[in-house]
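Notes follow the structure.
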Amino acid sequence: MTEPGRYKKTVNLPKTKFDMRANAVKREPELQKFWADHQIYENLSQNNPGDVFVLHDGPPYANGDLHIGHALNKILKDTINKFQLLQGRKVRYVPGWDCHGLPIELKVLQNIQPENRAKLTPLKLRWKARDFALKTVEKQSKSFQRYGVWGNWENPYLTLKPEYEAAQIGVFGKMALKGYIYRGFKPVYWSPSSQTALAEAELEYPEGHTSRSIYVTFKVTGLSETAQPLLDEYLPTLKVAIWTTTPWTIPGNLAVSLNPDLTYAVVKAGEDYLIVAEDLVETLTETLESSFKVIKTLPGKALENSTYQHPLFEREGPLVLGDYVTTESGTGLVHTAPGHGQEDYQVGQQYGLAMLSPVDGDGTFTDEAGPFAGLNVLNGGNEAVIEALQSAGALLKEESYAHKYPYDWRTKKPVILRATEQWFASVDGFREAVLDAIATVNWIPAQGENRITSMVSERSDWCISRQRNWGVPIPVFYNDATGEPLLNEATVNHIQGIVAEKGSDAWWELDNDELLPEPYRSDGNTYRKGTDTMDVWFDSGSSWAAVCDQREPLKYPAEMYLEGSDQHRGWFQSSILTSVATNGHAPYKTVLTHGFVLDEQGRKMSKSIGNVVDPAIVIAGGKNQKQDPPYGADVLRLWVSSVDYASDVPLGKNILKQMADVYRKIRNTSRFLLGNLHDFDPAQDAVAYEDLPQLDRYMLHRITEVFTDVTEAFESFQFFRFFQTVQNFCVVDLSNFYLDIAKDRLYISEPNAQRRRSCQTVLAIALENLARAIAPVLSHMAEDIWQSLPYETEHQSVFASGWMRLEDQWHNPDLASHWIVLREIRQEVNKVLEQARTEKEIGSSLEAKVLLYVSDTDLRQQLDAMNPSTGGGSNNVDELRYLFLASQVELLETPKNLDRLMYQFQSETLGVGVVTADGKKCDRCWNYSTYVGRSKQHPLLCDRCEPIIENLVTQGQISLTEEGRYQPNTK
């Protein structure tokens, strides 16, 4: 029978239950259920042989839905944790949530009718806030788990839990007993919209803020001993000029600051003489549109203790010295209001100035502001002060000034600096110890160390009190008679015990007799409990104590903290401040920071632009699934591994499509490997290393190189290197090279042939190690591969199988250098084959005969050995025709005959030509052979396939049907 197709069922085609399509929306939850049902994470975290590894979770805020930044953060953490698990360490990951604070309180209040808010007691508000936070935690927890993130989701840490609150009060108490906590009347960032003090980490600086800046003169009324002989003649009309961007603070002005080391000039301005910094005379001439003439100069320190008249109030103020005064802007003299600025306050303390802060909690001028009382400082107050200065003849100029100005991060409204009674952590008391601790930490990227060092070096004392109800109370009482705070070891320990048992609601539920320890219930004094709560950064900054140090199986210091780069001024800082203050060391050994997620054009994501990427839609798809297809969690995880997280990272629809393409390539490669192992059992069929052909040993060398690189990528947290290496391995090394060549021996050989089993040996090694390598990132795909292995393994899950297993003997650089040359030749051959294919000279490369010339004699001998003319002495693998996927290869002694060919390439060292193959096409392997047609029994077969068919018939594996076709015998 000579009809084509009679042998097509005699080839070994791939078989696997591993789908080509991921169907992630259905399959990923099934795999997550498998992990949960078999407690894979729990067993490994308890029973792995290595030491304990704790990546301590920075708590997201329990408010609203998760955004793409949450996904980036949690997936990075999970990638590290899973790598450590595969390395054999006992990974203990406890996810956490930040549950107190103003944003949740505001959410609760927004959901209550205005008329009912007045009836809301602090306790009822707290109950509603707790309920809101817990519901949000539950919702966010499900989302995080859908990302494939492993951890102790059954028992996360919540800052509202009694045991956490008690540990936090313990940290506060230790700091207080060491003298690091004090109460002071100082300027703090104050949010009129929230009516509470804010920490620096609760501020944001939006683009586009414009202030009304003013240049103002104050009339000099008295000169210091040093200045008098120099300036006395100008005194009747001598004035100091100041510049400010906060006109509303002028009623709080008590001094004017100069830099002692700057030179100041007296300039003639019309009828007046003005004192300004000499370096700014030229700039001010232009700004104030006035021709200033320098009359005299003198050092700033000469003006100390001179006096001036406030232009709006019947009081004089001194000229004082401050190193912070510069010539970067303004006049070189700074209007100083100790109640409205940190540096102003410090100068005020130095010179014994009063603390004047004539503004109340909602940002309204008090009676101390005289005619401005009742005006809101940021609205009518600014305008009124400017008009009053104009009327007093003290206003030189007003202009708009665009600059960075602090806003409340939650209400998105401007804040002010306002002196109030607050509780502070005295950072000065332990600043040097914190700086020393920072130097012991491994910061990734390295510039993080400079960033946090600079912030801690320059920061002021930490205002830790808040005037809100939803938080952990500051455990202090005040003496009714004296107002003195009662805060000592006995009171803190007593309250800590109550909170541990009943939670912080007890502060509002219990009366003083229950909250005070025994001696203070009857000491002749009466006390009232404080109403302030702690800054939420103190909440989360105590997590090392409440979680790492308190939970038995964890570790303190933790191995790692990992958050966004904004946490250098947030959680990283509050954590190291509290840890160093109480225990003298950092709470972490390594700190890794990542950037923010931007769109593909590098813009911030915002609903108004419409460029927001919602992780839930990435995973499950949007309403329009053509527009927003369901990619599943692994594609999202793959994106996280692909970016250089050290800076801001882009994401959008095009990038997601690219990630999905890479995902599919890895999946299709894995599917090919699985499909061609369907009849392979490593225990019985694996070929020993010394018996492998050169090509297979070269691939094991490449596997060693590739997976060593992958290991180094994970160890150095450079996940983008993992992404590039694995993608390149799957596409370039496997699909385009090894697997392309392997198809012939996998499909055409007898099932148990050495050339096939040796290839399957390499496929199994590649597949198992690929599954392990991708498991930290493509967790679902890796598990899907492992569960689809067609042979038994001793490990229930890919994660239980440990990290990649590479044998020393596989490393063979000498062999690799030979095969690198062969691959380069193959590339050139492929280019000529492609040219012939494009111009329809050939269809498949098997229709071609390759003519090859090399100038190097040694290489020529090596190629001769790979090109047996009769098949004798060959292992039927390491042959040029298989390498090039051509039916024949002819080695030329000289390149001169190549010139006559239509399809050819020549260089100084290499010549390639392509012509049509000799003979006819074999119906089974599709190679061309002059043998086809010679056999009476099998005229359609080549001399390679004929004996294979005869052997398969003899072994009873195939038989001839009545229709004259060969088919496998069913067992």
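Even glycines carry a Cβ here, placed using N, Cα and C.
What you are looking at is a predicted structure, and each value in this text was computed from that prediction instead of being measured.
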Annotated stretch (motif ''HIGH' region', per Swiss-Prot) among the listed ranges 60-70, 291-301, 302-312, 676-686: 60-70
Per Swiss-Prot, the range holding motif ''KMSKS' region', considering 114-118, 259-263, 509-513, 604-608: 604-608
Model confidence over the motif ''KMSKS' region' (604-608), averaged pLDDT: 85
Distance from Lys607 (ATP binding site) back to Glu563 (L-isoleucyl-5'-AMP binding site), taken between C-alpha atoms, in Å: 24
Lowest local Cβ density among Cys922, Cys925, Cys942, Cys945, which the record lists as binding-site residues, within 10 Å: Cys925
Sorted by sequence, non-Cys922, Cys925, Cys942, Cys945 residues with Cβ within 8 Å of centre, Zn(2+): Ile748, Asp923, Arg924, Trp926, Asn927, Ser929, Val932, Leu941, Asp943, Arg944, Glu946
DSSP residue counts for the motif ''KMSKS' region' (604-608), split into helix, strand and coil: 0 helix, 1 strand, 4 coil
Candidate with the highest Cβ count within 10 Å, taken from the binding-site residues Glu563, Lys607: Glu563
DSSP-derived helix, strand and coil totals, residue by residue, for the motif ''HIGH' region' (60-70): 3 helix, 1 strand, 7 coil
Rounded Cα separation (Å) that holds between Cys942 (Zn(2+) binding site) and Lys607 (ATP binding site): 66
Spatial neighbour of Lys607 (ATP binding site) that is closest, considering only the binding-site residues Cys922, Cys925, Cys945 and their CA atoms: Cys925
Mapped DSSP class for Cys945 (Zn(2+) binding site), helix or strand or coil: helix
